[in-house]
Protein chains: 2
Amino acid sequence: MVSTIMLAAPILGILALVFMFIKSAGVSKQDPGNELMQRIGKNIADGAMAFLKAEYKVLVWFVVAVAVILGISAYLDGDDATSWMISVSFVIGAVCSALAGFIGMNVATKANIRTTQAARTSLGKALGVAFDGGAVMGLGVVGLGLLGLGSLFFIFQGQFGVDTELNVLKTISVLTGFSFGASSIALFARVGGGIYTKAADVGADLVGKVEAGIPEDHPLNPATIADNVGDNVGDVAGMGADLFESYVGSIIGTMVIGAAFMSIPAFAQSEMAGLNAVLLPLVVAGIGIVASIIGTFFVRVKEGGDPQKALNTGELIAAVIMLAGTYFAVTTMMPAEWSVENSNGLVQNYTSNGIFFAILFGLISGLGIGYITEYYTGTGTKPVQGIVDQSLTGSATNIIAGLAVGMRSTAYPIVLLCAAIIGSYYFAGLYGIGIAAVGMLANTGIQLAVDAYGPISDNAGGIAEMAGLPKEVRERTDKLDAVGNTTAAIGKGFAIGSAALTALVLFAAFMQTANLTNIDIANPYVTAGLFLGAMLPFLFSAFSMEAVGRAANDMIQEVRRQFADIPELKAALEMMKRAGHDTSKYSPADLAIFNAADGKADYEKCVEISTKASIREMVMPGLIAVITPVVVGFAGGAEMLGGLLAGVTSAGVMMAIFQSNAGGAWDNAKKMFETGASVQGTIYHKGSEPHKAAVVGDTVGDPFKDTSGPSLNILLKLMAVVSLVIAPFLV
Amino acid sequence: MVSTIMLAAPILGILALVFMFIKSAGVSKQDPGNELMQRIGKNIADGAMAFLKAEYKVLVWFVVAVAVILGISAYLDGDDATSWMISVSFVIGAVCSALAGFIGMNVATKANIRTTQAARTSLGKALGVAFDGGAVMGLGVVGLGLLGLGSLFFIFQGQFGVDTELNVLKTISVLTGFSFGASSIALFARVGGGIYTKAADVGADLVGKVEAGIPEDHPLNPATIADNVGDNVGDVAGMGADLFESYVGSIIGTMVIGAAFMSIPAFAQSEMAGLNAVLLPLVVAGIGIVASIIGTFFVRVKEGGDPQKALNTGELIAAVIMLAGTYFAVTTMMPAEWSVENSNGLVQNYTSNGIFFAILFGLISGLGIGYITEYYTGTGTKPVQGIVDQSLTGSATNIIAGLAVGMRSTAYPIVLLCAAIIGSYYFAGLYGIGIAAVGMLANTGIQLAVDAYGPISDNAGGIAEMAGLPKEVRERTDKLDAVGNTTAAIGKGFAIGSAALTALVLFAAFMQTANLTNIDIANPYVTAGLFLGAMLPFLFSAFSMEAVGRAANDMIQEVRRQFADIPELKAALEMMKRAGHDTSKYSPADLAIFNAADGKADYEKCVEISTKASIREMVMPGLIAVITPVVVGFAGGAEMLGGLLAGVTSAGVMMAIFQSNAGGAWDNAKKMFETGASVQGTIYHKGSEPHKAAVVGDTVGDPFKDTSGPSLNILLKLMAVVSLVIAPFLV
C-alpha cells in the first residue's frame, strides 16, 4: 500500500507529461501561416533558443559549482556517507525546472504564429491553439515537478528507510536539494529574465524608435527580436520557473511538517506506517494534475463568445474535481481525528475534515488574491481611473497616484492571506498552513496554462499586425489578448500569494529541521534579523532596477554599433529616412536596398548581449539571496536566521505586491488613453498631454512590474530554501 | 536621596525652560529689519498662528474625547480608584507637546526676519540669531518633556508608592498617558502638518505660477503665506513633535524595563530602594539638557568661516559633556555588577560599564544614521549624481534612479541599527536597548536646535530675496541655508533611527506590562500580525499621499475663487498681465492698482482651508494608527499585537528611510541643475531638458519626504504607545 501510493506521484507526473506531449504535438501540427509569418515566428523562436542556450551555458557552471559545494559540505558534516546525495537532488531539480522552461518556451514560440493563423478561421480555434500552447508549459511544470519529487522520494526512502521519523526526515532533507535546484533556476529565469526583457525593451525602443526613426517591431531593428523574446522569457519561462519553485517548495515543506505526525498512534498504526501525512501533499498534487488535465478539455469558445468565460469554466471544473478528489483522499488517508501534545504541553486536535478545510482556504485565498490584483490594475477600474485622472496635471501626479495605488493595493491581499493563515491553522495546525499552500498550488497545471496563454495571444496579435493580416484577424487576437491581460494580472497576484505561503511553509519546515520550537521576536538577535530581513527586499529591488538601467545601456551600444557597422543596415536606414518612412514612396532601387538589408541585423548578437548583461547583473542579487542566510545562520544562529526569514517574507510580500500592482496599474492607465480615456468629461487620446504623462508612468512601472517586483517572489523562497538546506548544520 | 534625584528631573527641565526664555528674549530684541521685511514676517507669523489656532481648535475636542474614554476605561478596569489619572497624564502630555510646538513656531517666525537683518551686518551674527531661534525649539522640547515627565512621576509615586515593583509599574503605567498625549499631538503635527505643507506648496505653485503667471512667493498670491507657513509647520513644529514623542517614549519605556531590576538584591539594598534603574533615564536626559545648554554657547562663526563647523563644534562638545556626565551618573547610581536569572533559567550578567557602553552605542548609531542619510541625499554625492545622470534620458529614468537610491539607502542605516541593538543588548540586556535609545535622544536639545536652524535660515534667505536686500546679504543667508540642508538631512535620518529604537523600547515595555515573556514568530497569530503590521506603512503612506492630492485640490479651488471674487486682486492680476509682468513698465495708474491690491489677498482663509483639509485627511490614517492595535490586541490577543508591532516597526522603518531619502535625493538632484550640473562632460542648467526631468522627480519626492515618509515615524511610535497603554487590560 505504501509503495502504491508512493508510486502514484511519479506515475501521475508521467501522465501530465504524456498529455503535455499530446498538446505539444497538437500545436506543432497546426498551420504555421504564410511565409512572412513563419519568418517572424522563426526569428522569435531562434532568439528564444539563443537566450536559453546562452543562459544554460552559464547555468551549467553554476549548478556544478553549487552541487560540488553542497555535496562536499553535506559529506563532511553528514553522519552517514549518503548525505552527499543532496547534490544529486539539486542537479535533478535544476534540470527539471530548466527542462520545463525549455519545453514551455519552445512550444509558446510555435503557438504564437499558429494562433494568428487560426484566428484567420475562427475565435474558437485561435483560443484553442493559444491555450494548448500555455497548457504545455503548465503540464510540463507540474509533470516534471511531481515526477522528479515523487521518484526521488521513492528512491531515497529505499536508501534511508521510512521506519522512523528520523529516517523520513533524512529522506526529505536530501529532497530539499531538489527544491534548491528549482529555486536556482527560478532565480536565473525571473531575475535574469526580468532584467533581460526590460533591457531589450528599452534598447529596441530608444535606439530604434527614437534615434533611427523606425518602429519598435521593425525587422531592421536588431533588438526587436530580443524584445519579443523578452516577453516570452518573462511571462512564460519566468512565471513557469516561479510557480515550479512554489509548487515544489510547498510540497516538500508540508512533507517535513507531516513527518511530525509519524509517532502519533492513529498514524503509526495505519497501513502506511505513519507516512500518510508525509505522502498527502504528493497525492493532492497528483489529484490536481488529473483535475487540470480534465479542466483543459472544457476551455472552448464559439465565435462571438467570451474567451474569459471559457478559461473560467476550465478552471472552475478543475477546482471542483480537485476538491472532490482531495476530499476523498484526505478522508481515506488521514484518521478521522487525532491530537498532538506540543512541547508546551498544549494539546491540538486535528480532524480529516479540518485538513480538507485548510486546502479549501488555500484554494480560495489564492484565487481571491488574484481577483483583488485585477481590481487594482485592470483597465477601467476605480484605482486605474484615478491614475488616468491624475495624468491631467502631468507625469509627477500620475506617478504619485500610481505609487499610492500600488501601496494601497497591499491591504486586501494581506488581509486575505492572514485569514488563510489563521483559518488553516485553526482547522489543521501548522500542517494546515502547509497543506493550504499545496491546495493553492495543486491546480498549477491549468493555472499556468491560463497564465502562459496571455503572452502567446499577445505575440499572436503582434504577428498579425506585422504580417498585415485582415482586420477581423486582429480583432479576434485582440479579444484573446484583452483576456490575457486580465489573466496575467490575476496570475501575478496568485504567484505572489503562493510565494508567500510557500515561504511560510518552508519556514515552518526550517524550524522543525533546525529543532527550533520557538523564535522569540523580542530576542534582540531575532529583532536584528527581522530588520535585516525587511531591508533585503528594498536592497534587492534597488539592485535589479539599477541593473535594468545598465543592461539597457549595453543593448543601446550594440544596436548603435550594428547600425554603424553593417553596411546594408546603414544604407537601408538612410534610404528610409530619405523616403520619409513612407513605404509607398520607395522606388525600385529603394526596395532593392531594403530587401538587401533584410535579415542582416544580427538578432542573435543582441540576444546574447542582453543575456550576458542580465546574467552579469544577476550575480549580486543572487549572491545576496544565497549568502545572507548562510552568514546569518552560522554567525548569528538559527533563531536570528528565523528572524531574517520573517523579515524578508513580510516586507518582501508587500514590496512585491506594491511594485507589481503599481506597474500594472500604470500600464493599463496608459492603455486607457490609447483607446480614449475620459477625464472630467473630456476624452483624451493617444498623443495628448495626459497620455504622454501616462507613458512616463508606464516606463517607471516597467522594471517595477517585470523585474524587481516578481524577483522578490524568488528572493523569499530561495532564502527560505537555503535556510532549510543548511538547517541540519545549525542544530 | 531618592527624592533629591527624583526632583533633579523637573528641576533640570525648568533649567532648560529658563534658558529657552533667555534665548527667546534674545531673539525678540534683535532688529526686525525694515518695514517691508516686518510686513512679510508678520504675514508668515500670523499665518503660522492661524494654523495653530485652527489645529488646536480640533485638537481640544480630540484630546478631551480620548481623555474621557481613557479615564472611563481605566476606571472600569483598574483595580483601584486612581487609575483614571492616566487621562490626566494624557492631557498634560498633549499640552506639553502642543506648548513646545507653539513656542518653537512663535520664535522661529520671529527669528527668520531677524536673521535676514543680522545677515546685513555679519555671518556670525546671522548664525547666532538663526541658531538661537532653533535652540528655543530644542530647549522647549526637552524642558517641557523632562519637566512634565519628572513632575508627574514625582506626584504619582507619592500616590502609588515606590516600595514594590508592582507599585512602581503602576506609577509608570499612569505615566504612559503622557507619552500617548505627546504621540497624539505628534500625529497632528507630522501627518496633518505634512499634508498641510504640501497642499499649500502645490496650491501656491499651480494656480499662482502656472495659471496667474505670478511667482510662487508673490504677495498677491493668497497661498504664498500658507506655503511659507508650511515650511515652519513641517520642519520646525513637525520635527519638534516627532522628537518630543521619541524623547518621552524612550524614557518611559526604559523606566518600565528598569523596574524589573527592583527586586535584585544589589539594587534593592541601595539607598534608592531599588529605583536607580528606573530613575537613570530621567537622569541621563537631565545631563543631556545641561550638555545641550553648554553646547549652544560654542556655536559661533567668524566672517568667512564655516557655519557647519560651528554647529559641529557645539554638538561635539555637548556629546562629550553628556558622555562624561553620564559615565559619572551610571557608575554612581548603578551597582558595579549584578546578574538576573530570566524565566528560562538563563543568567544575564550586567555591569555599570556595560550600561555606559549601551548609551555610547545609542549616541554613535544615531549620529551615524544621520551621516549616512547625508551621503544618500547630499548635493554632489555619488547617489545623487547618479540621479542627475539619469535625468538626461528623461523624467522616467530620473524617477527610477531616485526610487532605486531610496531603496538602496535602507541598507547601511539598518546594519548600524542592528549593530546598536545587538551591541547594547550584549552589554546591558534589554535595559541596554532602552538606555541606548535614551542616550541617542539625550542631546535632543542641541540636536533639534540644529534641525530648526535650517528652516529659519531658509526663510531668512527667502525674505532677503523678497525684500530686495543687497547681494552680500543673500550670500550670507545662502551659506547658512546650504548648511541647513545638510543638517535637515541628518536630522531626518536621526529622527527615523530614534523612532525605530523608541518603538523597540516601547515594544519591550509593552511585553513586560502585558506579562509576555516570549512572542513566538511561528505562532500563526503572530505571523498574521506580522504581515498585517508590515502592510500598514504601505497603506498609511498611500493614504497620506492621496490626501496631499485632495488637500491641494481644495487649495487650488480657494485661490481661484479669490482671484475671481476679490476685485482688487482681479484688477491687479489683469494689469500685471497687460504689463507683461515687467515692474519697470508699470504706469502710475498701474502702481495704484497694484498697491490697492496689496494685502487684499485673504491669506488666513487659505491657511484655514489648508488646515481644515489637512485635519480632515488626517482622520483616516490617525484612526488606523490608534484603532488597529486596540482591535488586534483585544480580538487576536497580546501576542498577535506583538507581531503587529514587529511588522509595523520593521517595514515602517524601511519605508520611512526609502521615502525620505528618495525625496531628499530628488530634491538635491534638481538643485544641482540650478547651479549647473555636469552630465557626461556637458554642463546642464536651469531650464534645460534634464532639469525639467529632475523637476518631475522633485515633485514626486515632495509628498514622499515631507508627508508620507516622516509620518511613518509617528505611526511606529503611536502604535507602540497605544499598545503599551492597553497592555494592562490584555494580561
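Just so you know, glycine gets a Cβ as well, placed from its N, Cα and C.
Residues B:311-330 are the range that TrEMBL records as transmembrane segment, among B:311-330, B:711-730. The local packing around B:Ala488 (site 'Determinant of potassium dependence'), expressed as other Cβ atoms within 10 Å of its Cβ over all shown chains, amounts to 25.
At the 8 Å Cβ cutoff, the transmembrane segment (B:129-156) and the transmembrane segment (B:494-513) share fewer than 3 close pairs (sequence separation 6 or more) and do not count as touching. Between the transmembrane segment (B:6-22) and the transmembrane segment (B:274-299), three or more CB pairs separated by 6 or more residues in sequence fall under 8 Å, so the two stretches touch.
When Cβ-Cβ distances below 8 Å are used as the criterion, the transmembrane segment (B:525-545) is approached by residues 191, 194-195, 519, 617, 620-621, 624-625, 628, 632, 636-637, 639-652, 654-656, 659, 703-704, 707-709, 711-712, 715, 719 of the same chain, each at least six residues removed from its ends. Between the transmembrane segment (B:494-513) and the transmembrane segment (B:411-438), the number of CB pairs under 8 angstroms, six or more residues apart, is three or more, so the stretches are in contact. Here the transmembrane segment (B:168-189) has Cβ contacts under 8 Å with residues 55, 58-59, 62-63, 66, 70, 82-83, 85-98, 101, 145, 148-149, 152-153, 156-157, 159-160, 162, 233, 237-238, 240-242, 244-245, 248-249, 252, 255-256, 259, 262, 275, 278, 506, 513, 615, 618, 622, 625, 714, 717-718, 721-722, 724-725, 728 of the same chain, all six or more residues outside its ends. Within the chain carrying the transmembrane segment (B:247-268), a Cβ under 8 angstroms from the stretch's Cβ atoms is held by residues 93, 141-142, 145, 148-149, 153, 164-165, 168-169, 172, 175-176, 178-179, 182-183, 274-282, 285, 335, 337-338, 340, 430-431, 434-435, 437-438, 440-441, 444, 498, 501-503, 505-506, 508-509, 512-513, 717, 720-721, 724, all 6 or more beyond its ends. For the transmembrane segment (B:274-299), the list of distant contacts is 2, 5-6, 8-9, 12-13, 15-16, 19, 23, 127-128, 131-132, 135, 138-139, 142-143, 145-146, 149-150, 153, 162, 168, 172, 247, 250-251, 254-255, 257-259, 261-264, 267-268, 310-311, 313-315, 317-319, 321-322, 325-326, 329-330, 333-334, 355, 359, 431, 434-435, 438-439, 441-447, 449: same-chain residues at least six beyond its ends, Cβ to Cβ under 8 Å.
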